[in-house]
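Worksheet: the structure to be examined is printed underneath.
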Amino acid sequence: MQESIIQWHGATNTRVPFGIYTDTANADQEQQRIYRGEVWNYLCLESEIPGAGDFRTTFAGETPIVVVRDADQEIYAFENRCAHRGALIALEKSGRTDSFQCVYHAWSYNRQGDLTGVAFEKGVKGQGGMPASFCKEEHGPRKLRVAVFCGLVFGSFSEDVPSIEDYLGPEICERIERVLHKPVEVIGRFTQKLPNNWKLYFENVKDSYHASLLHMFFTTFELNRLSQKGGVIVDESGGHHVSYSMIDRSAKDDSYKDQAIRSDNERYRLKDPSLLEGFEEFEDGVTLQILSVFPGFVLQQIQNSIAVRQLLPKSISSSELNWTYLGYADDSTEQRKVRLKQANLIGPAGFISMEDGAVGGFVQRGIAGAANLDAVIEMGGDHEGSSEGRATETSVRGFWKAYRKHMGQEMQA
């Protein structure tokens with residue numbers, strides 16, 4: 001593997017080399033040290049594979065994965081790669097099966113990923129076949145450890161990664177439980193192609209500073225302003241975060257007008273204001289919560305719009321974002337209508353998040369030829385801890401703290 005030439009400058013995580021988003025050798029190392037390393041990769045929802053034989057195909061980084069429930073009701077995950085010649089084992093996005101068979105040479109696997117059958121293993125009429133020394137038990141796709149937390153299914157290639165609860169930490173666990181405290185149903189899906197390196201989008205998710213500056217909808221309709229009550233939680237590793245806020249319609253705030261911020265635009269109006277009409281369902285008054293888990297999982301609650309997002313790298317300058325919109329299984333008909341309508345707020349063409357799908361590409365294009373220069377990530381200081389305010393980049397610095405540890409690029413004393 002070619003060695004990365006990334007050079008970090010300074011004694012903090014406030015300077016990030018632009019080359020980190022364009023260096024192909026570094027991207028190759030990410031696959032081994034992060035996605036196949038000591039992390040928990042989000043794979044799917046437990047409710048997406050409710051019965052024996054139900055499966056989904058997904059990815060851990062670039063590695064294709066099969067996730068399936070067996071007759072023992074346990075969930076198993078293994079590489080979607082035939083042990084014979086490397087073809088995909090499962091071609092469908094989802095389905096139900098008693099077993100898997102590769103279409104190329106008909107090698108078969110059970111629902112736990114064990115190789116169970118080799119076509120013409122003994123040959124034909126005494127000719128050919130596999131050698132007597134061939135042992136099916138010694139061949140098969142690599143298997144992942146599986147952990148389920150609040151209906152979220154995670155997988156890891158590492159035997160050394162902590163339990164999912166310890167990996168997340170108590171504050172992140174509590175905030176996931178806050179949203180996923182009862183059974184959910186999938187009510188919609190999108191897959192979005194992003195014209196940028198995966199890290200640019202994950203920074204964006206963690207960046208509470210940008211939200212009311214980039215997104216006109218957030219600011220104009222006062223769904224999210226930095227002046228609102230809220231805060232940022234960063235776990236001890238730095239890799240996981242929560243940003244949250246509460247709408248206060250009675251609070252007068254002219255700070256955006258005073259600074260002539262573009263995103264505060266009184267001429268921007270809705271023909272159908274019912275889009276903003278919802279219902280109270282969380283006793284803490286939090287109207288927006290964005291939660292991320294390293295390296296690529298997001299859980300959102302924006303008003304009554306609940307969704308999970310899975311971020312996957314596809315090349316050095318492109319990534320894929322899978323959106324899965326959720327409702328609670330006990331939603332009333334009216335509540336479900338509200339969730340479906342508010343799905344227009346957040347998504348590839350959402351009134352709020354459409355800009356996020358573009359701005360990463362603006363950065364990817366803007367840093368061409370600047371690999372030896374640095375991004376400045378100093379809003380709110382140089383620490384990576386939790387914050388009572390959201391005019392900060394603390395959780396972005398936390399991401400780089402975790403990233404550098406996994407990549408072996410920590411700051412030198």
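Here the Cβ of each residue, glycine as well, is placed from N, Cα and C on the backbone.
On a predicted model such as this, the values are computed, not experimentally measured, just so you know.
Pulled from Swiss-Prot:
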type	residues	note
BINDING	Cys82, His84, Cys102, His105	[2Fe-2S] cluster binding site
DOMAIN	41-144	domain 'Rieske'
Report, as a single number, how many Cβ atoms besides its own are within 10 Å of the Cβ of His105 ([2Fe-2S] cluster binding site).
13
If you average pLDDT over the domain 'Rieske' (41-144), what do you get?
98
Additional residues around [2Fe-2S] cluster, ordered along the sequence, whose Cβ is within 8 Å of the centroid of Cys82, His84, Cys102, His105
Ala83, Arg85, Ala87, Ile89, Tyr104, Ala106, Trp107
